Amino acid sequence: MTRIADLRRDYRRQRLLESDAAEDPIEQFRLWLTDAVNAELPEPNAMTLATVGLDGMPAARLVLLKEVDDRGFVFFTNYRSRKGRELAAHPKAALVFWWAELERQVRIEGNVEQISAAESDAYFQSRPLGSRWGAWASQQSEVLASYAELEARLAAVEAHYGENVPRPEHWGGYRVLPTLIEFWQGRPNRLHDRLCYRRQGDHWQRVRLYP
């Protein structure tokens, strides 16, 4: 078996220069996300979401980005889940996107708000029928005695709602309002390119960071 310490890769794909980067980090993010989609990477909108636990410990998991606009980055979940409870207590989060084939990472920090009920309703109704049933059947993050119990709950939801499934009040979207966005491009000898944007009032300040 290969020693973990011997696993390494040298990055040589391209540079990230100030002259090539957008002044607005949201615009720059859209450009990089488009590159990831066009490269047909698996789950290009997958991101690590880190929250502050109720006990002060950090918690992280993968979720899917579902919208990005000038305000921030939107994802959806059960408000009663662990992350939902953590965001209610500490409405701050960090996101990380990793596109290995492009040798790129984006790191985001910011405050978090729930999106409007109308926005959550619109997205919920766009989901596949099975996913809408699942939002009612799953008591996310609670202890499950057996998978059969979940199947029984799903069958009950199907029988009750059929194809007319409303959005549960405990399910909806969050928007991460970024205060920091950092773009990382892998380079040889671990001398990576890092451009960091920090929110300063109504504009962004961009600096280059040591790798």
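All residue numbers here begin at 1 and follow the chain in the order shown.
The backbone N, Cα and C atoms fix where each Cβ goes, and this holds for glycine too.
Here's what Swiss-Prot has on this protein:
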BINDING   ARG8, ARG9, ASP10, TYR11, LYS66, TYR123, ARG127, SER131, ARG190, LEU191, HIS192  substrate binding site
BINDING   61-66, 76-77, 82-83, GLN105, 140-141, TRP184, ARG194  FMN binding site
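Location within the structure of each feature annotated in Swiss-Prot.
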{"residue": "ARG8", "record": "substrate binding site", "Cβ contacts under 8 Å, 6 or more apart": "none"}
{"residue": "ARG61", "record": "FMN binding site", "Cβ contacts under 8 Å, 6 or more apart": "THR48, LEU49, LYS83"}
{"residue": "VAL63", "record": "FMN binding site", "Cβ contacts under 8 Å, 6 or more apart": "ALA46, MET47, LEU49, PHE75, THR77, LYS83"}
{"residue": "LYS66", "record": "substrate binding site", "Cβ contacts under 8 Å, 6 or more apart": "ASN45, VAL74, PHE75, PHE76, TYR123, GLY173"}
{"residue": "ARG82", "record": "FMN binding site", "Cβ contacts under 8 Å, 6 or more apart": "ALA59, GLN140, SER141"}
{"residue": "GLN105", "record": "FMN binding site", "Cβ contacts under 8 Å, 6 or more apart": "VAL96, PHE97, TRP98, TRP99, PHE183, TRP184"}
{"residue": "ARG127", "record": "substrate binding site", "Cβ contacts under 8 Å, 6 or more apart": "ALA135"}
{"residue": "ARG190", "record": "substrate binding site", "Cβ contacts under 8 Å, 6 or more apart": "PRO211"}
{"residue": "HIS192", "record": "substrate binding site", "Cβ contacts under 8 Å, 6 or more apart": "TYR11, TRP184, GLN185, GLY186, PRO211"}
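The DSSP secondary structure for ARG194 (FMN binding site) is strand. Around ARG194 (FMN binding site), the same-chain residues at least 6 positions away in sequence with a Cβ under 8 Å from its Cβ are LEU16, GLU182, PHE183, TRP184, GLN185, ARG208, LEU209, TYR210, PRO211. Listed in sequence order, ASN45, ALA46, MET47, PHE73, VAL74, PHE75, LEU95, PHE97 are the same-chain residues six or more apart from LEU65 (FMN binding site) with CB atoms under 8 A from its CB.
In the three-state DSSP scheme, ARG8 (substrate binding site) is classed as coil. Once the Cα atoms of ARG8, ARG9, ASP10, TYR11, LYS66, TYR123, ARG127, SER131, ARG190, LEU191, HIS192, the listed binders of substrate, are compared pairwise, the greatest separation found is 44 Å. Taking a C-beta cut-off of under 8 angstroms and a sequence separation of 6 or more, ASP10 (substrate binding site) has the following same-chain neighbours: PRO188, ASN189. Each of the binding-site residues PHE76, SER141 was scored by how many other Cβ atoms lie within 10 Å of its Cβ, and the smallest score goes to SER141.
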